[in-house]
């Protein structure tokens, strides 16, 4: 085993050495260095995933506050519809140019933008003393648009980067995305219980939420800038990607003390499929993600706030539904870690994803005729299938790709995921057409 090798037999890479991209035939770094820092990397990926959505999930979870301030503007639906065009538009540009974009600058810029926009929401609320009005609503929409731009930078950049590393890293990142929802839902229930009967309690809970989100965004800036890229296992995979011709990892390797330079002659590099060829080869995976999120976002969260009627839980009802979705979405993202429970069949994934569209009539008839117990069960199943199928697709799709191909494919998959979210958000409006409150 590699563990029994003497220290002298292990590679001792000089951090100042130059790694030429055309060295595709060079033997990989030995296992001891490759495996070092694996657990730390998984934890950091989880936190970075959490930071990628914690601000936006906070916006969704404090929807009841914005419904109080702006009761006639459908904030849950409108803010989501503002967010998505900026996310998908920015992501399309970044995916098209992914091979030319510095991943380090892209991810750090995204987290900084998340931080500034979340801080901006706090400032606008404090400056206006929590008052409604169209002016304040437009200001909130501007910051939400910033969230969309930041999401495209971070989610596409991180997924592309992690796609050529261990599958556990991308699973942990997506678990962190779900954890942001579960965390904000749990905190929202706690703050509602704590502040429900106090003066201006809803606003106090909202400000606490946004302050926590701002802290997490700052933490992500620090972790990505100074911790993640210095882990030996991350450097190992990035150096391998550089050998295979990837230029997106150059700044991250330089920040870790490793210099790279491109060779003039790329004839020794492994053949790389074009972005168009990658999409054609993996079109089923791309459609899988599109269809998963079309269905999910056509129901969550707008339907839960506006179309589930009045029940015994009162104002707690939509918060409980959103919390149940987020908790089961998080749990489901760990199921594929059990190999016997992971679905890898391309045909099986497509069948399972198409079968989820049965949720639409199920939610319609449950909202119309069922009680809150049936609705809680349905929303739990929606979260369970969303998380499980997302991780299955994201961890299976990059197998067999070189570093540059995996980065390009990761960006394409996120583009289709965001496209599905945008289409789902638009279709979500169909629930309220004709009910007299449009």
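In case you wondered, yes, glycine gets a Cβ from its N, Cα and C as well.
The transmembrane segment feature in TrEMBL is assigned to 39-58, 78-96, 108-128, 134-152, 173-195, 207-229, 285-304, 316-336, 348-367, 373-397, 409-432.
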The transmembrane segment (316-336) and the transmembrane segment (173-195) contact flag, 3+ Cβ pairs under 8 angstroms: yes
Stretch with greatest number of CB pairs under 8 Å, the transmembrane segment (173-195) reference, 39-58, 207-229, 348-367, 409-432 candidates: 39-58
Residue numbers, six or more beyond the limits of the transmembrane segment (348-367), whose CB comes under 8 Å of its CB atoms: 284-285, 287-288, 291-292, 295, 298-299, 303, 307-309, 374-375, 378, 381-382, 385, 389, 392-393, 396
The transmembrane segment (108-128) in contact with the transmembrane segment (285-304), cutoff 8 A, at least 3 CB pairs, sep 6+: no
Close approaches to the transmembrane segment (207-229) from elsewhere in its chain (Cβ under 8 angstroms; 6 or more beyond its ends): 40-41, 44-45, 47-48, 50-52, 54-55, 58, 61-62, 104, 107-108, 111-112, 114-115, 118-119, 121-122, 125-126, 184, 187-188, 191, 235, 238, 252-253, 255-256
Distant-in-sequence neighbours of the transmembrane segment (78-96), which means Cβ under 8 A and at least six residues beyond its ends: 56, 59-60, 66, 106, 140-141, 144-149, 151-153, 155-157, 275, 297, 301-302, 408, 411-412, 414-415, 418-419, 421-422, 425-426, 428-429
